[in-house]
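Inspection log for the structure reproduced underneath, given as C-alpha cells.
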Amino acid sequence: MLGLGFGDCGKGLFTDFLTRNWNADTIVRFNGGAQAGHNVVLPDGRHHTFSQFGAGTFVSGVETVLANPVLVHPGGLLVEAEFLKRKGVNDALERLNIDSRCRIVTPFHQAAGRLRELLRKESRHGTCGVGIGETVRYSLTHPDSTLYYNDLNFLNNSLEKAEEIRIKLLSSFSETGSKNKEAVRIELGILQDSSLAKDWLHSIAPLTRKVKPSDAERIGKKLHSSQRTVFEGAQGILLDENFGFHPHTTWSSTHADALDRLSEEWELPESISHFGVLRTYTTRHGEGPLPTYDPDLRFSEIHNLSEGWQGEFRFGHPDEVLIRYALSCAGNIKGLLVSHLDVFSKGNSLRWNRAYESDRMGREFSFLRMEEGDPSKVIGISPERSGDLQKQMQRTEFLRQAIPVYEENPILSDSDFLERLKNVTDLPVLFGSYGNTYKTIKPTAEFESVSRP
C-alpha cells in the first residue's frame, strides 16, 4: 500500500482491514521509520497509532517485518509494545522481526534533528521530531560509525559508535551555544551528556534480548513461506525524497521502487499488487504547500491534532493535479483504496480542483504541462528524478503560488467523488471506508473486476 498524498491517507485502517479480509499473516514495513502514525480503531473502541509495528498487529498471530532500509527507534518500539499490552496485545515483540541491517535512531539523532528545525526559525522544513532525517543524513556522511541493529548485540562496539555519533553531532552545533530559548537548551543538553549513550543502551537491552537480528536470508524464507503478505508503506508519494516538494520531504523513498528493490533481493513473486491509498479530501500535517487549502473546511480529526513537532493539520479540496502527479511517481498501481467517503453523508460538500492558474511560471518551468488551447492553465506536473534539489525546490516554488481552478459543480456524494476519481485515474477503486473501523469498509462495484492478490 502506497499513500498518494502528503501522508495521513488511511494506510493504518486499510492495513488492518486487508489483514483480516485477505487473511494475511505478515506485514512488512519497507520504508520510513518511527515517524509513521497509522491509526487503527477497533469496533470495541480500542485505538492505537501504529508507529513501527505493522497496523495489522491487533490480529492474533500476524507478524511484523522491519526490513532494511527502515530506520529502527529501539526505545520507541519498547514504548509501543507496552501500549499494545494495555490494549490486549501481549506478544507484539514476539511477533516482531528486525532486519540486522536496519539503521538505528539514537537520542542524539533525535536531538540533532529537533535542533536543526528549531534553528531554522521561520524557515522550518517540517519534522515529526523523532530523528529520521538526521539518522539518514549521518549514515551518508559517516558510514563507518553508523549504528545498525546487528551492532546492538555487541555492547562495547555499540557504545563506541553511539558516543562517536554524539560527539560528531555535537560538533556540528559548536556555534549554537545555550543562549537561545529553552527548547534549544534541552536538545543541546542531550548532545552534551557524555553518560547518556551508556544509559540509553542499557534501557533498550530488553528489545535486543527479545528480538534477535534477522539476516536477509531469514527474512526471505519467512516471506516465501507466508500465506499472504501486506507491504505497508509509510508517509506518502508527495513527501518522497526524490519526487516530493523539497525541503518539505521525508528522507525515504515512498513509491513502488522501494518495494521493488526488496522484492528483487528476496526473489519474491512478480505478482505483488500495488494499491494507492487516498482520502476524499487533501490534508497536510505541518509545513509545506497545500494548494487547495481551505480554512473553512473543518473535519473531526481526533487522532491528527495540530500540536507537537508536526504543527498544524490542514484540510483542502481534492486536487486532480496532485493525484495525477502522485500516480505518475508511484509506479504501477493496480487499484485504489479510498478513505473518508462518509464525509458527504455528514452534510459536507467538496470542490474538485482540475488545474492551476499560471502565467509566468507556466512558461518558466519545463516540468509543467499546460492545458491544450489555454496556456494559462497547468493541468499536470511531470515527475523528474534528477537528484537535483534545486529542481525539486522549483516544484515547491510553483506549488506555493498555484491558484486552484475548481470545477463549477461541487461534489455532494460519494458516488460523485468516485466517478470523478475514476475519470481522472482510469483505475478501479477496490474498497472505500465510511468510518474509522474495518467494519465500515465496503467493496465497490469495481471490486469484482480486479483479481485478489
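Cβ coordinates come from backbone N, Cα and C, glycine included.
Taken from TrEMBL, the feature active site, proton acceptor covers Asp8. Packing around Asp8 (active site, proton acceptor) is summarised by its Cβ count: 24 other Cβ atoms lie within 10 angstroms of its Cβ, all protein chains included.
Per TrEMBL, Mg(2+) binding site is recorded for Asp8, Gly37. Gly37 (Mg(2+) binding site) carries neither a helix nor a strand DSSP state and counts as coil.
For Gly37 (Mg(2+) binding site), other Cβ atoms within 10 Å of its Cβ number 19. What TrEMBL records for Gly37, His38, Asn39, His340, Leu341, Asp342, Ser433, Tyr434, Gly435 is GTP binding site.
Taken from TrEMBL, the feature active site, proton donor applies to His38. For His38 (active site, proton donor), the Cβ neighbour count at a 10 Å cut-off comes to 29, with all displayed protein chains included.
Annotation comment: TrEMBL describes Gln235, Thr250 as IMP binding site. Taken residue by residue with DSSP, Gln235 (IMP binding site) is part of neither helix nor strand, so it is coil. Counting Cβ atoms from all protein chains shown, Gln235 (IMP binding site) has 30 others lying within 10 Å of its own Cβ.
Leu341 (GTP binding site) sits 15 Å from Asp8 (active site, proton acceptor), taking the C-alpha atoms as the reference points.
For the binding site of GTP, formed by Gly37, His38, Asn39, His340, Leu341, Asp342, Ser433, Tyr434, Gly435 according to the record, the largest Cα to Cα distance is 22 Å, rounded to a whole number.
The CA atom of His38 (active site, proton donor) is located 7 Å away from the CA atom of Asp8 (active site, proton acceptor). Of the recorded residues, Gln235 (IMP binding site) and Asp8 (active site, proton acceptor) place their C-alpha atoms 7 Å from one another. Of all the binding-site residues listed here (Asn39, Thr250, Ser433), it is Asn39 whose C-beta has the fewest other C-beta atoms within 10 angstroms. In space, Asp8 is the closest of the recorded positions Asp8, Gly37, Thr250 to Gly435 (GTP binding site), judged by Cα positions.
With respect to Ser433 (GTP binding site), the closest of these recorded positions in Cα terms is Asp8, chosen from Asp8, Gly37, Thr250.
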